[in-house]
């Protein structure tokens with residue numbers, strides 16, 4: 001999964017505003033009374049800068065995990081590790097920064113409440129920040145799914161265009177049985193047996209088809225789901241796909257590389273009645 005979803009939703013401006021708000025809430029949760037004098041303003045500024053750096057470390061950790069462990073590969077494991085690692089990184093930095101500043105300018109050891117109450121509050125905020133980023137990802141996935149559905153809807157409504165001399169014929173996708181290559185030419189065959197010669201290659205045709213009902217088996221065939229009876233395993237991880245009796249060809253091979261995608265597609269789709 002690319003981390004581009006972060007840039008889409010302007011997370012940097014959001015957190016530039018959110019961190020000072022979080023810091024202000026923390027002050028009201030930590031102190032019963034707040035005197036806004038020079039000392040408070042100084043500590044507030046230091047804590048806000050510390051918050052920015054902690055957020056930046058969380059963000060960098062999430063970007064790193066986007067590359068090494070995308071959500072879609074192991075969602076639960078990713079969420080657990082993300083929460084654990086971001087807490088270790090952010091809280092580790094906060095503890096180090098606080099202890100360093102206290103050693104340089106403080107008048108004694110940190111109160112025990114810092115390691116109990118304050119760190120618990122930080123944990124809650126880190127959980128909230130993680131939730132925001134997971135929300136960005138889920139929203140992005142929803143938008144992608146919506147876009148694909150809209151694309152498929154438009155494709156279904158217009159069908160496939162075939163050039164016949166000076167005219168163009170629209171063929172409904174449900175009428176198409178197969179696209180195939182033979183003698184370096186590309187053909188479309190309908191379920192009723194009509195055949196048309198096409199100008200484009202299978203590479204160019206595939207993006208124009210609804211992915212839920214068409215699959216490219218190999219270099220020769222893009223087949224409608226209804227035309228596939230089933231498949232069986234062959235040697236070296238390949239698959240032998242069996243076609244419906246309405247097609248002139250009976251079987252075709254799917255390579256070891258394409259086989260996992262085909263099996264997934266085959267299992268989640270179903271022939272239309």
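A Cβ is built for glycine as well, from the same backbone N, Cα and C atoms used for every other residue.
Quick look at what TrEMBL annotates:
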type	residues	note
TRANSMEM	12-32	transmembrane segment
TRANSMEM	38-58	transmembrane segment
TRANSMEM	79-97	transmembrane segment
TRANSMEM	117-139	transmembrane segment
DOMAIN	160-268	domain 'HTH LytTR-type'
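With respect to Cβ pairs under 8 Å, the transmembrane segment (117-139) is most closely packed against 79-97, considering the stretches 12-32, 38-58, 79-97.
For the domain 'HTH LytTR-type' (160-268), the DSSP-based tally of helix, strand and coil residues reads 26 helix, 49 strand, 34 coil.
Same-chain residues lying 6 or more positions outside the transmembrane segment (12-32) and placing a CB less than 8 Å from one of its CB atoms are 44, 47-48, 51-52, 55, 59, 117-118, 121, 125, 129, 132. The average pLDDT the prediction assigns to the domain 'HTH LytTR-type' (160-268) is 91.
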